[in-house]
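Remarks on the structure that follows.
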Amino acid sequence: MKRNESSWNAIDDEDEEEDSDKEKEEDAARGREDDDDDAMIEEEDQRELEEERRTETTTTSSKTNMKRENSSNHLLKYLKKSISTIDLPDLPDLAFEASKELIEDVRMRMTTLLSTSSENASRLIARMSQSMQSRLNLGYELYKTNWTRENRKVTLFLVAFTFAALILVLFWLFVLYLAWKELGRWLTSKVVIAISAIIGSAVAPPLFPNIFAHVLAFALIGMELFSLTLNLILLGGVHLIVFANRVLSLKWFFVSRLEKSSLLVNAAGSKTKATTNRVQLIEKLRVAKDYKEWLDIALQLDALPVDTGEGGNDWKRDETSDAYDYALVRGYAETMIAARERKDVNAIGLALRTVLHRNFAGLDRLMKLQHSRVGTKLLATRFKDETVRAIEFISSDEYCEDEDVVDTLKLVREAHRSLGRTGLCLSGGGALAMYHFGVIRCLLEEGLCPLVVSGTSGGSIVAAFISMLSEEDLLGTIKDDISVRHGVRWFPPVWKMIAHFLQHGVLMSEVDFGNTTKKYFGDITFEEAYAISKRHVSIQVSVGSGHGFVLNHVTSPRALVRTAVCASCALPGLMRPSPILCKASDGSLESFHPPGVSSFDGTITQDIPAARLTELFNCNNFIVSQVNPHLNFVLHLAEESHGRRRSTYAERGKNRRAAVTKLLRVANFLLLNIKYSIQKLLEVDLLNLRILRTLQGILVQDFQGHITVLPSLTFKDYCSIGAQPSEQDMHRFIRRGTQTTWAHIETIRHTMEVETALKKATARLTARAKTLKRAAKKTPGPSLANATPPAKVRVLSTSNSSRNNTPVASPRVGLEDDMMLHD
């Protein structure tokens, strides 16, 4: 037995020595392979990783096979030697010992294999981490180099522009110094002489109080005139700065930085791709052929995320805003829904009386925000839809009982009176007023053209077309050849204008312009025009010393439309004042105003006659198409841009718009100063000059509406203000006017949808009340026999018609609320 144990020990010693030698050789081979691998990593990272993976896989498999073969060989040797020395009585003990030794040997070898694999994995992870770190360092160095280069460029540009601005300022200071040095003494002496003359003339009266009053009056006049002149100069400077900020802004200065930094920062390229998609969509939006195509592209832009500069859908889904009381809007929307579900007509009527007025909970202010390209916040849209459903509910035959028709009709009329009407005002602007044709065509195609329209100066030409044509005829008339259709010109050639000015002091002949208007409009009166179009069209003129007057089928039913157009376009310096003619009872033409009263351009007194339209037609919501060249670019800058960017560059743009807004507030402050200076001079009658009254009318009036359509005027437009529009020009005017209106269509639809629902409900209930009244007459009964029927349409005469002995006979025309609700 001892001899067998010694034999086993000898065999084990030999096996262990062989295993240790082989492991040493393998470790040495692995060390050499590791050294070679490290050297290859330094040369080529990618190829070394791939070769290392293959080497490790091969090495591991060869080790496994070698160990497996060694184990098998050892086991065979062990069995051969053991069999030769085993005695049969000791066989069970030897078998147990052999299996135990074999298990122990296998466990040790598995432990060794696991430790070796763990070390190899650790070395592989270390190499991969080192490779990734080296790549990150390389990318950071590249990013740092590019960013440093861009910063150097920006710094260089800033230094260059700052230096150029400094040189320019110094140059003008030097020029002013030289001018003052040469002219200052002479000017000072002349001013002293003038002041002395003024004082001398003031001292002329013999009494001391009169002398003191004259001196004080001249001193106050001088101070106010100096303040007025200074404010005018500052106002012009502010407008020049705003214009330069728009035209000369260095947009390219930041675009390249934004693009390059986006390429560096956004490795995945998602934001850059979205920004590129936005640019492409905006370009498609600019060349859209019709409103449907424009609307589809605008909705795609609203669906883009906020960080691309859009985010309209995100803004619409967010109910909260400082512009309106969203909690109040949500509460009344839920109230109308609940009342409609339980069919509570009284609750619906009470809610409608509360919410049906302009700017309820600040909704009008919310509609002016342009954070989305299409529509407004979903809560406001849902509130409007529920209001329309409530109006349709209470006026439907299903829920409105016969005995409640009169009360419901009264409720709807009162609600309509409270809500008011929407009016369309067309500004002046010379030949640029042809942009209004595009606005009108777009509104007609969408069924959104209001029934109340006013036109001033150049806008009166377009208003005249609207007054005497039905919708179908008007759409057929607005074509490219509308300015040259009858072979006459609205504006003479430039050389004729110059010659006429040298001869008569004005650029155009009022006679020629009157012949043009007669070709287009004939001798149709406002009364006859209303009978054709059923639209309340007004033309604003200035009368006498500068008081505004609105001509329409109510105030001047027998006045000729063409003469009102001539008077409204008679701008001082362009044409002489033109008389307004009207038809007498025998059909002859006579003067509308008494002798000696002249009529001229209405823009001087009131470009947008909002107050008068409110008095006549209950208008309290105005759509203004503004193309006056001296206002267009300033009003454009005051508008908020689309989207809500969140990037650094967007914040810079936001700050730029905020700076423009502050400049415009400064301009408003200066306008108020000018207004008060003129008012003080006029109120105390220190300097009663007509030019000051004219200047007051131009500067103080409001040129905007609740919705203002502003076509973007180009340099070519400014150069063609007084030129005859060709067919190509008319195509451009109509096309661009239509495109500009597309952006406001959904806002206009939102504001007019409730008004339209009230009109339909009034017509439906009125027809039903008449039917019930006729039925009650045939079948007497207590239901509606004693009910008060709806007020009939009555025609009232006006002071103007009485004065001219021209009684009003227009159907469905007047100032009463019932008549306002029947058209």
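Going from the start of the chain as shown, residues are counted 1 onward.
Using the three backbone atoms N, Cα and C, a Cβ is placed for every residue, glycine included.
If you look up TrEMBL, you'll see 1-69 (among others) marked as region 'Disordered'.
Annotated compositional bias 'Basic and acidic residues' per TrEMBL: 21-33, in sequence order.
Residues annotated as motif 'GXSXG' in TrEMBL: 455-459. Sequence-distant contacts of the motif 'GXSXG' (455-459), counting only residues of its own chain at least 6 positions beyond either end whose CB sits under 8 Å from a CB of the stretch, comprise 425-434, 436, 466, 537-540, 568-569, 571, 601-603, 606-609, 625, 627.
Around the Cβ of Ser457 (active site, nucleophile), 28 further Cβ atoms fall within 10 Å across all displayed protein chains. Summarising the annotation, TrEMBL assigns active site, nucleophile to Ser457.
Taking the Cβ of Asp601 (active site, proton acceptor) as centre and 10 Å as the limit, one finds 25 other Cβ atoms among all the protein chains shown. What TrEMBL lists as active site, proton acceptor is Asp601.
The feature region 'Disordered' is assigned by TrEMBL to 772-823 (among others).
Taken from TrEMBL, the feature compositional bias 'Polar residues' applies to 796-808.
It is 6 Å from the Cα atom of Ser457 (active site, nucleophile) to that of Asp601 (active site, proton acceptor). For the motif 'GXSXG' (455-459), the model's average pLDDT works out to 90. Mapped onto three states, the DSSP output places Asp601 (active site, proton acceptor) in strand.
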